[in-house]
C-alpha cells in the first residue's frame, strides 16, 4: 500500500491523474451539491406542506382520544395541540348559517400560521387561539349573516363576540374540506355551547410536531395504538392534489441529480481511458522486470482506492460548501431558512465516487496487468480488445445502478437510462457513418478542413467516443436549460391562475339549467356538471371485502366509505388510460368500470377483476376494463371509478361541479346559496393557493439546482475534451516537424472539434427532446410543450461551443517543441 501511495503521489505531481482526479472531484461535488440542496429543499417542502395540516402528524378520531397519545407525545418531546372540529348552525338575530366550527387550544397551529385581522379590511397578524368568550370567523360569515366585528354570534347555547376575521388558517387536506365558512373558538368554551352531545358528528384531533426522528417514533406508536374510528394522518395521506404536487416536485428535483451523474460518468470514462493509454509502457517495463499480473493489479488497485477516498472526500467537502453558499445566496428567493441536510447525501457522494471509479476506471485499468512484455520493443501492441468491451459493459451497469438509485423512481430512472443508452448508440452510429463519408465532404475544401476531416477519418473509434461523450454532456445541459423550461411551463399550465377553487355538491338534475342561467347572469362561465351515484364496494372477484382485509390505513378508510360513481362517454382531458381500453359506443349500457390507478393499487384491484358495488340495496357487478391516471392537482372534478353511460342513470343521482370564483366576486356566493339552498359549497381556495405557492417554490429551487448542475457540466465537458490531449500532442509534433505552422494546426483543431460538436449537438437535441417528452408524459403526467430551440441551440452550442472549448483545452499543444514530444514518445 505504501508503494501505491508513493505512485499516487508521483502521478499527481506529474499531472498524470490531474484530469481523472478533477473529473471525480467535479462528479462527486456535483452529486453531493445537488443531493445536499435537494435534501434541504425536500425537507423544506415537507415542512411547507405540513402547514396545511397545522402539524407534522395528526391523530384523528370520532371520539375523544385516549390520554396515552398525549403521554407518548410528551415523552418524545413533541409539541402538541388539540383541535375539535364539527359542523353546526351559527345564529345572528333571525338569520342562520351552517358553519365549520373549530375549537382550538393555545399553541395551535404547530406548523404554518393562523392569521387574523381585527376587521375585514385590516392587516392580519399571526394568532393562536381566541380569548375565551370570543370567536374568529371567515369573512363569509359576516356577509352572509349581516354582522360585523364586535357583534354577537350564537353557537348552541352560547353567544360569542366576533373578535376578528380569519385571513389564513391551516386547512384539512385529508378528504374533503370544510362544509361551510370557518368559526374558531377557544377549546375552553366548547363544553358551554352544549353542542357536544351523544351522536354528534364531532372530530377529535391531536396535532404533534417536532424533530423528524421523534415524529416517526410517534407515528409508529400511534399506528399500533389507534382503534376503531381512529386514524393517523400526515401530508402523505393528503388530498390527491397535494400528494400529486409533492410527487412532481420530488421528480423535478431528482431529474437534476441524474444530469450530474451522467456528466460525471462521461468525464471519468474519458479520463480513465487517457490514464490507461499513458501507463501501457510503465506496465510493460514492470512485466519485463519480473512483476506478476497480480502484483500490478494490486498496485493500481491501491492507487485507485486511495484516489477514490481522497477525491470523494474532497468532492463531498466542495459539495457541502457549494450548497451552503448557494443556500445563503438564494435564501430570499427560496423562501426562508432551509432545514439542515441529513447524512444520506454524504453517503451518496462516496457511493457515487466509487461507483464511477470502479465502473469506468477499474475495469480498463485492470487490463494494464495484461500488457504484453513485448510492448517494450513494439509500442503498437496493447491489450486484448475484449478488455475494453468488458470494462465499458461493467461501467454501463454501474452507472445504470447509480442512476436508478439517484432517481428514486423506477420509471424516471428507466427513461433517463434508456435515453442515455439510445443517445450513445445513435451518436456512435452517426459519427461512424459521417466519418465514412468525410472523403466526399473534403473535396474542394481548404487545407485546414481537409486535414481536420482526415484526422477524424484516421481515428474513427476515437471520434465516435468523443461524439458520444460530448452528446451526453450536451444532452444533459439541454435538458437542464431549454427542455427544463418546457417541463416547468407544462407544469405551470397544469394549474393555471383560473383553476377551480369552489366545488358545488348536491346539484339536483332539475337544477342544472337554472344553475347555468344563474352563472351566466353573474358573468361567470357556467361550470360543467358531473353526475354521481353513491355506492359501496362490497366484493372483488366475488370475494367480500372489509377493512380487516387490508393493513394499509388508507385502504381501510376507502373500503369503509361510500364511493362516488359516475359515467362518461369519453375520458376527461386530465385522465390518461395506462392499462386496458376505454369503452366504445357499443358498450353503452354494459356494466364495466374504469378505475384510477392509485386507488386500484391501494385496494389490490387489477385489470380484468370483477367489482361488485351496493347501490341502495341493489348490487351491480362488472369487470375492470381500464386503469387511469388522474391529474388531481388540476382541481377539476374527477372520480376514482367511472362507468359507461346507460347503467347508472336509473339510480338516484346528484351532480357535482367545480368553478373558479375570482376573489373580488365573493359576494355572489350569498346569492347562490339563497337561490339554491340545498347546495353544499366547498371552498378549496386555501389549498389551491398553497399548491400554487409550493409549485412556485419548487420551480425556483429546480432552476437554481439546474443552474449549478449546468456549471458543473461545463467543467466536466472541459475535462472530457482535455482527455484527448495526448493524441493531439503527438499529431501536432509530427505535423510541425513536417513544416506545419502553429496557426494552421490550431485551425485544424477547430475544424475537428466543430465537426465533432455538430454531430454531438444533433444527437443531443434529439435525445433531449425525446427524454423531455418521456419524462413529461410518463413521469410528470403533464402535456409536453416544445419548440425548435433545443435543435437550434444544440447545433449552435455543439458546433461553436465545443470548437471553442476544444481550442481552449488543446491550444498549448501546438506550442510544445516537437523534439521534446517525440523524444518522450519514443
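Backbone N, Cα and C define each Cβ position, glycine as well.
Model, not experiment: these values are computed from the prediction.
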Annotated range (TrEMBL: transmembrane segment) out of 381-405, 506-530, 531-555, 556-580:
381-405
Taking 202-226, 227-251, 252-276 as the choices, which stretch does TrEMBL tie to transmembrane segment?
252-276
So which range, 167-192, 297-322, 583-608, gets flagged transmembrane segment in TrEMBL?
297-322
Is it possible to list how many residues within the domain 'ABC3 transporter permease C-terminal' (257-362) are helical, extended or coil according to DSSP?
91 helix, 0 strand, 15 coil
